[in-house]
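Engineer: Swiss-Prot lists these features:
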type	residues	note
BINDING	Cys12, Cys15	Cu cation binding site
DOMAIN	1-63	domain 'HMA'
MOD_RES	Ser47	phosphoserine
MOD_RES	Lys60	N6-acetyllysine
Amino acid sequence: MPKHEFSVDMTCGGCAEAVSRVLNKLGGVEFNIDLPNKKVCIESEHSSDILLATLNKTGKAVSYLGPK
């Protein structure tokens, strides 16, 4: 499965939980949250656009860093 890396403006565990919640709701994803570096690496068949839209539901500033 393709891997995508995103920058997400997470400042605490609650932010990471919000990211985890929206990704689990989307389904079909495996992900790793790097809170200190404010990055989320997602392995999924979903397009980067769908993943970006999903992460935007957290209300945090999100940007696509590219394939990993």
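For all residues, glycine too, the Cβ spot is worked out from N, Cα and C.
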Engineer: Name the residue among the binding-site residues Cys12, Cys15 whose Cβ has the smallest number of other Cβ atoms within 10 Å.
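Structural biologist: Comparing Cβ neighbour counts within 10 Å for the binding-site residues Cys12, Cys15 gives Cys12.
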Engineer: State the count of C-beta atoms found within 10 angstroms of the C-beta of the residue listed as 'phosphoserine', not counting that atom itself.
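Structural biologist: There are 11 of them.
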Engineer: In whole Å, note down how far the CA of Ser47 (phosphoserine) lies from the CA of Cys15 (Cu cation binding site).
Structural biologist: 23
Engineer: Please average pLDDT over the domain 'HMA' (1-63) for the predicted structure.
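Structural biologist: Its mean pLDDT is 98.
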Engineer: Hey, how far is Cys12 (Cu cation binding site) from Ser47 (phosphoserine), Cα to Cα, in Å?
Structural biologist: 27
Engineer: How many whole Å apart are the CA atoms of Lys60 (N6-acetyllysine) and Ser47 (phosphoserine)?
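Structural biologist: Spelling it out, the Cα of Lys60 (N6-acetyllysine) and the Cα of Ser47 (phosphoserine) are 20 Å apart.
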Engineer: What are the DSSP helix, strand and coil residue counts for the domain 'HMA' (1-63)?
Structural biologist: 23 helix, 20 strand, 20 coil
Engineer: Have a look around the residue listed as 'N6-acetyllysine' and count the other CB atoms within 10 A of its CB, chains all included.
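Structural biologist: So the number of other Cβ atoms within 10 Å of the residue listed as 'N6-acetyllysine' is 16.
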